[in-house]
Amino acid sequence: MASNMDREMILADFQACTGIENIDEAITLLEQNNWDLVAAINGVIPQENGILQSDFGGETMPGPTFDPASPPAPAPAPSSSAFRPVMPSRQIVERQPRMLDFRVEYRDRNVDVVLEDSCTVGEIKQILENELQIPVPKMLLKGWKTGDVEDSTVLKSLHLPKNNSLYVLTPDLPPPSSSSHAGALQESLNQNFMLIITHREVQREYNLNFSGSSTVQEVKRNVYDLTSIPVRHQLWEGWPASATDDSMCLAESGLSYPCHRLTVGRRTSPVQTREQSEEQSTVVHMVSDSDGDDFEDASEFGVVDGEVFGMASSTMRKSPMMPENAENEGDALLQFTAEFSSRYGDCHPVFFIGSLEAAFQEAFYVKARDRKLLAIYLHHDESVLTNVFCSQMLCAESIVSYLSQNFITWAWDLTKDANRARFLTMCNRHFGSVIAQTIRTQKTDQFPLFLIIMGKRSSNEVLNVIQGNTTVDELMMRLMAAMEIFSAQQQEDIKDEDEREARENVKREQDEAYRLSLEADRAKREAHEREMAEQFRLEQIRKEQEEEREAIRLSLEQALPPEPEEENAEPVSKLRIRTPSGEFLERRFLASNKLQIVFDFVASKGFPWDEFKLLSTFPRRDVTQLDPNKSLLEVNLFPQETLFLLAKE
């Protein structure tokens, strides 16, 4: 299998020989032939033109080598290439199945899968199902350069390179804990990531600190400042598969914490790679006339002479620790950290990347248990003590460890007058004019300085100003002495904070109990008011019904015909009616009166006939069921009768 450099050269020669300008199509044809250039050309060029044999194969025929004593070989025709026809009797080697390597990332796991390109996407998912214990229907396999693909898609049809990075999403499966995930993400946003970035061309490492809220794009822009490689020409290795978007925060990109290694280089064109290979080779290759045009267009790939020579010269001179008049303090500290690492090695304090105000927030404006001291390192390149202080004291493992555990370390370079004036302004604003004057009057040979700051309720107190003419033991003793003062103050702050939280908890509990009591009283009062309103409504309905019944009773009573005398010329019927209470109602009616008059009489006494019924004994019958328009004589209620009133069911 050809190396990456050989593949670039094979790709360029294949396009030159076949005239195929589409790079994707050319790569596909080469991969189908396992990057066998001769086999790929034979598959495109008709067989009558002869079978080609390449100098890349293991069975190459001896070609002319460069010999200073020998006369130069005649130049070939413009259409000639680095290949020469041989007899058709060359036996083509049987093509081996092409294997594809996949690295699949799922949460905190990486699974390596190796399959033939004749397999399908679904077979990858089946392997992942056994490894990750995730059902295939619940699994989304992402990271394909062509977009989403079906499970039945054959890998060969995707024209994939040999090494591929994919990742698995499971939107239908609940995460381990959404709240814990959100908490972990918030914690990652507040963390600082150390990126160890290797510049491939110059074999130089940069140690850069970034906050979790920084984006991938910001990292690439900062690397451009250090390496002079524009972002569009940067070729990266080491980013996690999930870091697919330059706008993604580092906390979400899947970087290893606290350190992550990356490699960056300059993206080169296939033509440049081939020309470099030809310069190193002792075999004379005949190239086509079009290569000259390709060389003239090499600037399209970002190769500028000034950049190349500037890169070489930058490694020879000493770069400043911090740019002058930097607009952003975070960017200035990124360069400071990178330059500090390049001068004194990777073992150094973790410098906080951000403004001085942000360092205050990180150190002081948190819970009392989480507070730390703030150490401000003031650098000066022109001091004779700087190199010794940085290399032997500040980078000592004991000092680095102690600072990392107990301090937030912030740095600034006072070499340039503009940066010095800027820091004195910050110092005057945050620490007062006394400290600013102390730093202003320091001589160059007294630098570097190490300021130990402790946050208090109303102001920030400078506990100690350590000059560069010290030793590791003395520096450690002064750091520990500052830590003792801070620890005593921290314990008081923790006690005050706990007492304040206890008081606030009691107050919250009392407020909650009072609120619940008010709600209970209000609910009780509202229930009583509803009950009284309901009783009033029912009483009103009852009164209205009684008034209505009384009005009906009076109207019926007034409408009754007068009671006839016992001695009357017309026949008289005497009725005796027993009420449910046992009382008797007696009245005389004319035998010719209708039965309705009897009903009206009973209703006028408070027994409406729609609620009560009249029963006779012999024969037993319900009189209210009879025709009310018939006379008493017709219904046999003559000359006298006893009736009973019963309430209807």
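For all residues, glycine too, the Cβ spot is worked out from N, Cα and C.
When Ser54, Ser152, Ser581 are looked up in Swiss-Prot, the one carrying the note phosphoserine is Ser581; the rest have no such note there, which does not rule it out for them. Ser319 is the residue among Ser269, Ser319 that Swiss-Prot labels phosphoserine. In Swiss-Prot, the region 'Disordered' annotation falls on 55-84 of the listed ranges 55-84, 505-534. The sparsest Cβ neighbourhood within 10 Å, among the listed modified residues (Thr579, Ser581), is found at Ser581. For the pair Ser581 (phosphoserine) and Ser319 (phosphoserine), the Cα-Cα distance reads 120 Å.
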